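Student: Encoded as structure tokens, here's the structure I'll be asking about.
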Amino acid sequence: MRNIAIKFAAAGILAMLAAPALAENIEVHMLNKGAEGAMVFEPAYIKANPGDTVTFIPVDKGHNVESIKDMIPEGAEKFKSKINENYVLTVTQPGAYLVKCTPHYAMGMIALIAVGDSPANLDQIVSAKKPKIVQERLEKVIASAK
């Protein structure tokens with residue numbers, strides 16, 4: 001009986017150690033011009049699981065990534081990268097994260113990260129006040145994800 005308990009404990013420890021190895025890294029490029037127009041994240045819709053990392057890469061100069069106030073899951077920490085620097089975000093909280101390029105937000109440069117299934121805060125993000133061009137691009141991003 002004791003050997004069985006030890007084997008289960010060892011299996012549990014191995015499973016916990018292997019979990020980070022299963023995490024995915026998703027690259028997102030920050031571009032002056034992309035398939036969807038000017039000032040874009042590609043992809044603009046990112047599907048991730050808790051524990052995954054999202055690496056934002058400023059392919060063109062002048063970009064960063066920043067969380068938008070009240071448009072990330074409850075319990076998630078806000079973040080902001082420096083201009084022209086790669087930024088690695090580990091997503092831990094399930095839900096939707098709306099992010100922006102700070103200098104180009106007024107031009108609609110946003111991306112949506114959906115962590116887990118059916119992000120609970122997506123309706124809140126969609127209905128929140130934001131510039132018209134941002135709302136239009138967000139609606140396109142959501143439609144492309146379906």
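Heads up, the Cβ atoms here are built off N, Cα and C, so glycines get one too.
So Swiss-Prot says this about it:
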- H63, C101, H104, M109: Cu cation binding site (BINDING)
- 28-116: domain 'Plastocyanin-like' (DOMAIN)
- 1-23: signal peptide (SIGNAL)
Student: Report, as a single number, how many Cβ atoms besides its own are within 10 Å of the Cβ of C101 (Cu cation binding site).
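Tutor: Within a 10 Å radius of the Cβ of C101 (Cu cation binding site) lie 25 other Cβ atoms.
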Student: Measure the Cβ-based neighbour count of H63 (Cu cation binding site), defined as the other Cβ atoms within 10 Å of its Cβ.
Tutor: 25
Student: Note the Cβ centroid of H63, C101, H104, M109, the recorded Cu cation site, then list each other residue of that chain whose Cβ lies within 8 Å of it, in sequence.
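Tutor: Not counting the recorded site residues, we get M30, M39, V40, F41, G62, N64, K100, T102, P103, Y105, M107.
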Student: Return the single residue from the binding-site residues list (H104, M109) that has the minimum number of other CB atoms within 10 Å.
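Tutor: Among the binding-site residues H104, M109, the sparsest Cβ neighbourhood within 10 Å belongs to H104.
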